[in-house]
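Features reported for this protein in Swiss-Prot:
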- 64: active site, charge relay system (ACT_SITE)
- 109: active site, charge relay system (ACT_SITE)
- 203: active site, charge relay system (ACT_SITE)
- 30-162: disulfide bond (DISULFID)
- 49-65: disulfide bond (DISULFID)
- 97-255: disulfide bond (DISULFID)
- 141-209: disulfide bond (DISULFID)
- 173-188: disulfide bond (DISULFID)
- 199-224: disulfide bond (DISULFID)
- 24-248: domain 'Peptidase S1' (DOMAIN)
- 43: N-linked glycosylation site (CARBOHYD)
- 78: N-linked glycosylation site (CARBOHYD)
- 100: N-linked glycosylation site (CARBOHYD)
- 250: N-linked glycosylation site (CARBOHYD)
- 1-17: signal peptide (SIGNAL)
């Protein structure tokens, strides 16, 4: 049943390109053991995102990935050949920076999901650590997801793709997109003049630097990585206190202003 449902969703999601967000352009199939924290987030309407397992009960994703009837798969690689240890969960609770789920392109695009039951760690399931410090400009980081590998005329793979990109100075994204504030709680990442980056279906997935989740895929250009345009990622380091407070039981904790 899972195979049929997910295969249909990968077709359906293309008609929802404006509702979901940003697959990996310019990457290659991930090694089956390098994305143990990567979650597939979807619903029966065809909306598709990714998430990041940070412990047995909690998944991080992007606020704009919130959807009704959310399903979360962990330990998945090829949707046509399920792994024996893959698990399906649904949200028990969802937490956002603001009660009305308000977020912008440069602030608070983050969602913390408590699973309905703990996920056992296994060969294909393991958590990713929260950052101990913010990444520095020039850092080489890893992106991954089931997002489109071409844009426009998106095609969606049955396996997650991975690629390496660099942390860029925020001014690069300001120059590319304009109208961004002088400061924001986002990271700018990509490879100038090369078409490598996140795309449709990758939203909510990780930007991994030095083995830690430094960013959450938020948004990028349309078409994806047009003329080598960088992508924008929620800066997880700025939200670590909020994340730890929520997980620790302080469900009224507020995000940084």
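Cβ from N, Cα, C; glycine included.
Annotation: no recorded positions among 64, 78, 97, 188, 255 have CA atoms within 10 angstroms of the CA of residue 141 (disulfide bond). If you measure from the Cα atom of residue 109 (active site, charge relay system) to that of residue 64 (active site, charge relay system), you get 7 Å. Here the glycosylation sites are 43, 250, and the one whose Cβ sees the fewest other Cβ atoms within 10 Å is 250. A strand conformation is recorded for residue 188 (disulfide bond) in the three-state DSSP classification. Long-range Cβ neighbours of residue 188 (disulfide bond) (same chain, at least 6 residues apart, Cβ-Cβ under 8 Å): 167, 168, 169, 170, 172, 173, 230, 231, 232, 233.
Comparing residue 209 (disulfide bond) with residue 162 (disulfide bond), their Cα atoms are 13 Å apart once rounded. Checked against residue 203 (active site, charge relay system), the recorded positions 30, 65, 78, 250, 255 differ in C-alpha distance, with 65 being the nearest. Comparing the recorded positions 78, 203 by how many other C-beta atoms lie within 10 angstroms of each C-beta, the top residue is 203. Put simply, of the disulfide-bonded residues 162, 199, 255, the one whose Cα is nearest the Cα of residue 43 (N-linked glycosylation site) is 199. Counting only the Cα atoms, the space from residue 49 (disulfide bond) to residue 162 (disulfide bond) is about 15 angstrom. Here the candidates are the recorded positions 30, 199, 250. The one whose C-alpha lies nearest to that of residue 64 (active site, charge relay system) is 199.
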